[in-house]
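Peer 1: Grabbed the feature section from TrEMBL, which reads as follows:
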type	residues	note
DOMAIN	5-153	domain 'ABC-2 type transporter transmembrane'
DOMAIN	235-278	domain 'ABC transporter'
TRANSMEM	12-39	transmembrane segment
TRANSMEM	45-65	transmembrane segment
TRANSMEM	77-98	transmembrane segment
TRANSMEM	104-126	transmembrane segment
TRANSMEM	133-154	transmembrane segment
Amino acid sequence: GLNMNNYWLSHYIQHFLMCFFVALICIIAGLAFQLGVFFDQGINYGYLLLVIVSYIHAQFGFVVLASTMFTKERFAAVLVGFLGYSLLGGAIVVQYVADGIVNGWPGVLSLIPMFGFLRGLVLVFWDRYFDEMWKIIGIMLGSSTAYLMAGIYIHTTTGVGALRSPWCGCCRRKTSHESSHVNRAEDEADWDAADADIAEEERRALALSPDETAIKVVHLGKTFPARPNPKHAVDDVTYAMDYGEIFGLLGPNGCGKTTTISMLVGQLTPSRGKAYIAGFD
């Protein structure tokens, strides 16, 4: 897998290129349809691209930080997307209530990238108040970089849903370490018990005569030829099934249950070991 730096860099590049491509399509469409906003004021396209690039960067940092509130990735994508559109709608309402572009906006609103982006677009399209535009760009770039660093830190130190967790990164790591240590000890105890049961069943099966039990399997194994290495589907299985007993084979996919049954019913020939059915080999 990717290391952490490459992971976030690849996400950032993907987000930047996708958003920039969409913005270019919107600009080209506006020019093609000769929308008045592109021609009435004689806008500066350099400033327009600067506002767009600043917003793309700001949006990424804001989204990374906001996504730490959720534990489900798909749920986070939907909710954060809805949050973005809602904030953009709120910015439009604020712009309308603020009487167009006559009144300047408090700089604190630009801490929310959607508000800063809309205000920047208004100033560029109407060719007004470039001092305010530069302030908006500076706030968006600075705050979003802080959002991005905080979001990445939270993601890497405390995992998903970090903002919903009361633990800080160091406490979470300590708790996780203690939890993993306890779980590992419990797993080892379970494996010890399983190994003891397997050894006991093997001793019981080997002590039985084939005609004393319904099915007796002794060191059964099956290897399929494969390149570069042969496939060991079943490896040294020993057990006995008594008459009238309901017997089941349990295990994960690929552990050899189907192959074992196929050898017992005669569909496959064992590579090694013996299988006795009602005393017959």
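Using N, Cα and C of the backbone, Cβ positions are placed for all residues, glycine too.
Any TrEMBL annotation is an automated prediction that lacks curation.
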Peer 1: Counting Cβ pairs closer than 8 Å, which of 45-65, 104-126, 133-154 has the most of them with the transmembrane segment (77-98)?
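Peer 2: Most Cβ pairs under 8 Å with the transmembrane segment (77-98) come from 104-126.
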Peer 1: Taking DSSP states H, G and I as helix and E and B as strand, how many residues of the domain 'ABC transporter' (235-278) are helix, strand and coil?
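Peer 2: Summed over the domain 'ABC transporter' (235-278), the classes give 8 helix, 13 strand, 23 coil.
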Peer 1: Quick one: average pLDDT across the domain 'ABC transporter' (235-278), no decimals.
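Peer 2: Residues in the domain 'ABC transporter' (235-278) carry a mean pLDDT of 88 in this prediction.
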Peer 1: Take the domain 'ABC transporter' (235-278) and find every residue of the same chain, 6 or more past its ends, with a Cβ under 8 Å from one of its Cβ atoms.
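Peer 2: Cβ under 8 Å, 6 or more out: 201-202, 204-206, 208, 210-211, 213-223.
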Peer 1: Under the DSSP assignment, what numbers of helix, strand and coil residues are found in the domain 'ABC-2 type transporter transmembrane' (5-153)?
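Peer 2: Counts, helix then strand then coil: 123 helix, 0 strand, 26 coil.
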